[in-house]
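**Student:** In case it helps, Swiss-Prot gives these features for our protein:
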- GLY206, GLU207, PRO208, GLY209, VAL210, GLY211, LYS212, THR213: ATP 1 binding site (BINDING)
- 391-524: coiled coil (COILED)
- 3-146: domain 'Clp R' (DOMAIN)
- 6-71: region 'Repeat 1' (REGION)
- 83-146: region 'Repeat 2' (REGION)
- 555-763: region 'NBD2' (REGION)
Amino acid sequence: MRIDRLTSKLQLAISDAQSLAVGMDHPAIEPVHLLQALLEQQGGSIKPLLMQVGFDINGLRQGLVKELDQLPKIQNPTGDVNMSQDLARLLNQADRLAQQKGDQFISSELVLLAAMDENSKLGKLLLSQGVSKKALENAINNLRGGAAVNDANAEESRQALDKYTVDLTKRAEEGKLDPVIGRDDEIRRTVQVLQRRTKNNPVLIGEPGVGKTAIAEGLAQRIINGEVPDGLKGKRLLALDMGALIAGAKYRGEFEERLKSLLNELSKQEGQIILFIDELHTMVGAGKGEGAMDAGNMLKPALARGELHCVGATTLNEYRQFIEKDAALERRFQKVLVEEPSEEDTIAILRGLKERYEVHHKVAITDGAIIAAAKLSHRYITDRQLPDKAIDLIDEAASRIRMEIDSKPEVLDRLDRRLIQLKVESQALKKEEDEAAKKRLEKLTEEIERLEREYSDLEEIWASEKAEVQGSAQIQQKIEQSRQELEAARRKGDLNRMAELQYGVIPDLERSLQMVDQHGKTDNQLLRNKVTEEEIAEVVSKWTGIPVAKMLEGEREKLLKMEELLHQRVIGQSEAVTAVANAVRRSRAGLSDPNRPSGSFLFLGPTGVGKTELCKALAEFLFDTEEAMVRIDMSEFMEKHSVARLIGAPPGYVGYEEGGYLTEAVRRKPYSVVLLDEVEKAHPDVFNVLLQVLEDGRLTDSHGRTVDFRNTVIVMTSNLGSAQIQELVGDREAQRAAVMDAVGAHFRPEFINRIDEVVVFEPLGREQIAGITEIQLGRLRSRLLERELSLSLSPEALDKLIAVGYDPVYGARPLKRAIQRWIENPLAQLILAGKFLPGTAITAKVEGDEIVFG
C-alpha cells in the first residue's frame, strides 16, 4: 500500500511506531506499536476521541505495555524493521473504510475503527474497555462533521476551535476570570451590536490599559449568569489565540488552511459561538506572503454574511493605522469607544478586585491603599491609563509585602551576618596566646552570647507572626473558594448547597477570619501583612523617582533647615535661597498647584554671583548629586530652527526618532531641577515653547507624547540689567525697578507673567568673598587629602587671596583664578618636585609680595 495515501499525522505515527519497535528490539512493526504511537502523539486526535467515547486511557496504556512486553525480541538487531503482515492487513482494512467514506487519504481514526473490527489481540484489548464499535463510529462522524478527508493535513485542521481558541465562558464558569466592576454602558452597547441581524460585530476601541479585554470577560460572565437578552443566552465566547494559529505554519497556504478550518467550524455552530479577537489589527496583514491572502480579507465575507459573530479589541492608534485603511473591513465592524474610567470608577474597580489580590498575595489590602493607588497613579503616572496603572500599583505593593513575609526580616539578617563575623574573629583569637588577645576573646564571647539571645528572641517573634499571617491567608483562600462554589451552585439551581454555603460555611469562615484579625490587632514587630497608603506611595516613588512617600522625621528636619543647608554652598543671596526653599517645601507638603511646575524662577544678576551655583546646590540637596540637574545652555539655541532640538525634530527630518533634548530628559526624570542657563541668549521662538511649560506644566514633543513638567523646578538665569545693578549698589528698590525695565524690554509680558518669582541677585561684597574663599579652599583641601596632604593658610595669606580675588564687577570667578594662580600652580610644582611627601601638613604664609609654602 502507498505511504503517500496516509495523512501526515498517520505517517508520523508510523515513523514513531518504527522507532518504538527498534528501541524494544522487536523484529517488525506491529499494530500495537502503531496504537501506542497514536495514543502518545502530540496534538493527535486519537487520545481526545478515546476519552470522549469513554475509554479508560490508563487501563488501555497498561494493556498496550503488557502486549508489547509479550512480543518476541531479536538478538543483535540491525535496526532495520518492516511492517508486519498484521499491520499491513490493518492498513488495508482502513483503506477500504476510507473508500467507503469517499476519502482520498487514510486518517488515524479509521485505523482505530479497523482495529476494533479485527479479531486480533489488539481488537480484543480495545473491546475489553466496554465501548462498542458503533459508539466509536458515531464519535468519528461527529469529529469529521460530515467532511471527507481530501487533504494530507486534514487531521491538523480538525478541532480547530479547541486548538486555536480559549473558551472565556468556560473560564468564567470555573471562576478563573477577575470580576468586572462597572463598564455597564460599554457591555450594554456591545450586546446591542451583537443583537443586530448583519454586521453584528462590535470592535472595542480605547487607549492601552483602559479595560477592553475586561469588557469581553465581563460579557462572558454575564452570558454564564444569564444576564443577557435571550438571543445571547447559552452562547459561548471564544478568544482567538493568534499565536497558536500562526505558530508552526511553515508552508505556503498552511496558515490560510488553519483559518479556513476555524471559519468552517464556526459556521457549523450556526451562531452559537461569538469569537473575541484581541489585538484585532494583527489580523490585517497576518499570513500575507507573495500572492497569498491575509487573514483580514478571509474574514470579510464571513463577517458580512453574519456567519461570524465577532467582538474585536484594539487601540485607537492601531485602529487608525491598520483597520481604517481597509474601508471594506472597517465597515463590517461597529465601533464601541472605551473611555478611561474616572478616579471614582477606578476605586470601585479596585474594591471589586481587592479579594483576588489578597488571596493571591496572602496579604490584606486596606481601603486607604486602594484610594491612594487611584489618586497617586492618576497624578504621577501620566503616560499610562487607569485602571491598569492603579491595579499594577496594588499588585506590586502587595508583592513587595509578600516578599518580606517569605524572606528573613532585615533585622534578623543583619544579626545573622554580625554573628558570623564575630565567630570568625573569635576562632582567629583562640590561636593567640597573649593577654590582650585573651581579653578581647572574653569580650567577643560575651557579645556573641548577647547577640545569640537577641537573635533567638526575634526568631521566636518572627515565627509566631509568620504563623499568624499564614493562618489568616488560608482562611481567606477558603472564603474565596466557597464564594466560587456558591456562584456555581446558583447557576445550577442547587438550592441546598447554596443555603449550606451562604448561611453556614461562609459566615463561619468570616467569623474565624475576624477572630484571627482581632488576635493579631497588636502591631507586628517584624512582619507587615497589610498594604497601606505608605506602601503604595513607596512603589510610586520607585517607578517615577518622585518622592510621594510620607516624609520621615529626618527629611522633615532637613526641609525645615533647607536655607541653612543651601547657604553652606551659596554665600549671601538670602532672597533667592528662601524663594527656592519655599517652592520645594510647598511641593513636598502637597500644597503646590497640581497643574503647574513646583516652582519657576528667573534669576537675574551680574556674572559670578551664584545663580548657577544655587541650582547646583538645590540639585545636590534634593538628589545628593548635582549631576541630577537637567542643564540646558540656551546660548546653543540662538537660531530659529534650533527650537526643534528642545522638543524633537518634526516627522520627515533627520533626528525625528531621537526625540527632544528637553522633553526626553524630563520624561526620564520627571522629578528634577531644570536649569535654562543664559536664557536671554536664546531665540525669541524658544520662549513660545516655554509658555506651555510654565503655565500648564506640560509639553507635547514631536511624537505627540505629553511630557509632564509638574514635578520639576524650572530655573532660568540671565545677565539682563547687570549694569544697572552695579550702578545702583545699596538701593534694592531702584535696582529691582531698573532690572525689571530691562527684563520687560527683552521678554514678552505673557512670558514674564507666567514666572512664579523674578529674583534679583546682589553683587558680592568683601564679606561674601571671604566665605566663598573658605568654600573654594575646602574643595582644594579635599583634593589634597586624596594625596594624604593637608593645607592651612595664615590670616595674612587669606587676606591676600581675598584682596586679589575681589572684583565687584565679575563676582566670585576672579577668586577662582586667584586661587589657581597663587595657591594651586606653585603647589603643583612643589608636589611634582617631591618637596611635599604624603603625610605632610602644608602651611601657606605671606613673605614680601608672594605666598610661600612650608
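Just so you know, glycine gets a Cβ as well, placed from its N, Cα and C.
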**Student:** Same chain, not part of GLY206, GLU207, PRO208, GLY209, VAL210, GLY211, LYS212, THR213: whose C-beta falls within 8 angstroms of the C-beta centre of the ATP 1 site? Give them in sequence order.
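**Tutor:** Going along the sequence, the neighbours appear as THR315, VAL338, GLU340, GLN385, ASP388.
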**Student:** Which has the fewest other Cβ atoms within 10 Å: GLY206, GLY209, GLY211, the binding-site residues listed?
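**Tutor:** GLY209, out of the binding-site residues GLY206, GLY209, GLY211, has the fewest neighbouring Cβ atoms within 10 Å.
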**Student:** For the region 'Repeat 2' (83-146), what are the DSSP-based totals of helix, strand and coil residues?
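**Tutor:** So the region 'Repeat 2' (83-146) is made up of 45 helix, 2 strand, 17 coil.
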**Student:** Within its own chain, what residues at least 6 apart in sequence put their Cβ under 8 Å from the Cβ of PRO208 (ATP 1 binding site), listed in sequence order?
**Tutor:** THR315, ARG384, GLN385, ASP388
**Student:** DSSP secondary structure for LYS212 (ATP 1 binding site), reduced to helix/strand/coil, please.
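**Tutor:** Once the DSSP labels are grouped into three classes, LYS212 (ATP 1 binding site) ends up as helix.
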**Student:** Could you give me the DSSP helix, strand and coil counts for the region 'Repeat 1' (6-71)?
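**Tutor:** Taking each residue of the region 'Repeat 1' (6-71) in turn, the totals are 48 helix, 3 strand, 15 coil.
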**Student:** So for THR213 (ATP 1 binding site), how many other CB atoms are inside 10 Å of its CB?
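**Tutor:** I get 15 for this one.
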**Student:** Can you work out the mean pLDDT of the predicted model over the coiled coil (391-524)?
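**Tutor:** 76, rounded to a whole number.
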**Student:** Determine the Cβ neighbour count for VAL210 (ATP 1 binding site): the number of other Cβ atoms within 10 Å of its Cβ.
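**Tutor:** Around the Cβ of VAL210 (ATP 1 binding site), 23 other Cβ atoms lie within 10 Å.
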**Student:** Which ones in the same chain are close to LYS212 (ATP 1 binding site), with CB under 8 Å and 6+ residues apart in sequence?
**Tutor:** LEU204, ILE205, GLY206, ASP278, ALA313, THR314, VAL338
**Student:** Write out the long-range same-chain contacts of GLU207 (ATP 1 binding site), meaning residues 6 or more apart in sequence whose Cβ is under 8 Å from its Cβ.
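**Tutor:** Result: THR315, LEU316, GLU340, GLN385.
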